[in-house]
Amino acid sequence: MTSFESFERGWKAGQNQIVYARLTADLDTPVSLMLKLAEARTDTFMLESVTGGEIRGRYSVVGMKPDLIWQCHGQDSRINREARFDRQAFQPLEGHPLETLRALIAESRIEMPADLPPIAAGLFGYLGYDMIRLVEHLPGINPDPLGLPDAVLMRPSVVAVLDGVKGEVTVVAPAWVSSGLSARAAYAQAAERVMDALRDLDRAPPAQRDFGEVAQVGEMRSNFTHEGYKAAVEKAKDYIRAGDIFQVVPSQRWAQDFRLPPFALYRSLRKTNPSPFMFFFNFGGFQVVGASPEILVRLRDREVTVRPIAGTRKRGATPEEDRALEADLLSDKKELAEHLMLLDLGRNDVGRVAKIGTVRPTEKFIIERYSHVMHIVSNVVGEIAEGEDALSALLAGLPAGTVSGAPKVRAMEIIDELEPEKRGVYGGGVGYFAANGEMDFCIALRTAVLKDETLYIQSGGGVVYDSDPEAEYQETVNKARALRRAAEDAGLFARRAGNG
């Protein structure tokens, strides 16, 4: 446990502090951590990672008991600084929402110990696709049947970090000087939160029950008809032929009944579609569940990173077939041209916040393999410029070209025209602003929203001048299959009570 003496020194200097303790946890998994600590609570989250469809990331994180929650609705933001005790105690904030968020990020800074990863404290949640309207002048938004906040970020007062390499869990409790508490009182409260979590970790996970293999989900209902989506693709091609854009990414949203516990969907998804960015957020009135393959923007050690993905083939049944499919993908002129467009867009996005002369691709047109598919991937980095920060870096890449198009602003205007509803979470970013000033967000792809016993899945595809409308429609259907399959199998992971 962090000593009071070291805590007090920083506290008296006006610096936010953390209290943390470690526990051997070589028998625990990310799921058991969630089940023990937070699975029956609202305003909780879980983050984990699998690279290449098979290699688990070192750290998995569970967060809970936020001391504050920030939300954005259109041109207004609000905050609940009593979130642990009253979930409804939101107060409006004066000023532009992005400036209130920037101030909150600054308020939440902590100089973290070197033996803790950046993800151990900070602000966690999502910035939806429509947050770009606070930056770019875009036409009026479409109808919003889900009615969710455009962005939600929570600041957990307890974070548990599972280190899969060392087989231990670290429980972290931040303490904020803005609380006005004495050093002794602040330390005592943080230490109590740590000890409560450690006691929960000592107990066995709740008993589970198999609901059977029968799918307990309804039929998918789209906000497009089949012909309506193909007509949208044709309209997009008209804009391309007219020279307005090079590419645009229309999408469709499906809804289906889903009466199983939300965390069961996440557990099913992590099994059927392990991905580099896996997340479960329970915001009380709704949940966001995803397995995204793609970075939106990352800021680490003052280096900004984007990693465009475009170009896909299924995995082969044998190593020989896999190599043949890779060769086919890398010789497909349409796929290569689309990827090059997005690589150039990534350079431009990084260049908006990077020092002149530092933007460069570190990987170009490489193949990255996942459990079911392979993609063409490039990596672009740049050193962040003086005067820029984690929020400006994120906004420079929001939304990614892979969910909007190129040129980006005109493509978004066309998306507003083609799509019948506001996008919401889809196409935005999910991740965190770390307490040490770093940031990591993925694109909200392969992401589901659960609200009022309804599951919403959205997917799109890049339309270029020679796109086939039927093929584009089928691409969106195929991209939704991972979540559809996870929903069908979720009954295998449902528990008797308290799940989600």
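Cβ coordinates are placed from backbone N, Cα and C, and glycine is handled just like the others.
Note: Met278 (L-tryptophan binding site) has non-local neighbours Leu47, Glu48, Ser49, Val50, Tyr266, Leu269, Arg270, Gly290, Ala291, Ser292, i.e. same-chain residues 6+ apart with C-beta under 8 A of its own C-beta. Residues annotated as L-tryptophan binding site in Swiss-Prot, with similarity to another entry given as evidence: Ser49, Pro276, Phe277, Met278.
In the three-state DSSP scheme, Gly311 (chorismate binding site) is classed as strand. Positions annotated as chorismate binding site by Swiss-Prot: Gly311, Thr312, Tyr426, Arg446, Gly460, Gly461, Gly462.
In this structure, Glu338 (Mg(2+) binding site) is part of a helix by DSSP. All protein chains shown were included, and the count of other CB atoms within 10 Å of the CB of Glu338 (Mg(2+) binding site) stands at 23. Annotation comment: Swiss-Prot describes Glu338, Glu475 as Mg(2+) binding site, evidence class similarity to another entry.
Distance noted between the C-alpha atoms of Pro276 (L-tryptophan binding site) and Gly462 (chorismate binding site) is 22 Å. According to DSSP, Glu475 (Mg(2+) binding site) sits within a helical segment. For Glu475 (Mg(2+) binding site), the binding-site residues whose C-alpha atoms fall inside a 10 Å radius of its own C-alpha are Gly460, Gly461, out of Phe277, Gly311, Tyr426, Arg446, Gly460, Gly461.
When Cβ atoms from all protein chains are considered, those within 10 Å of Thr312 (chorismate binding site) total 17, not counting its own. With Ser49, Pro276, Phe277, Met278 listed as the residues that bind L-tryptophan, the site has a largest C-alpha separation of 6 Å. Put simply, Glu338 (Mg(2+) binding site) is 11 Å from Gly461 (chorismate binding site) when counted between their Cα atoms. Counting only residues at least six positions away in the same chain, the Cβ atoms of Asn273, Ser275, Gly290, Ala291, Ser292, Pro293, Ser459, Lys479, Ala482, Leu483 sit under 8 Å from the Cβ of Arg446 (chorismate binding site).
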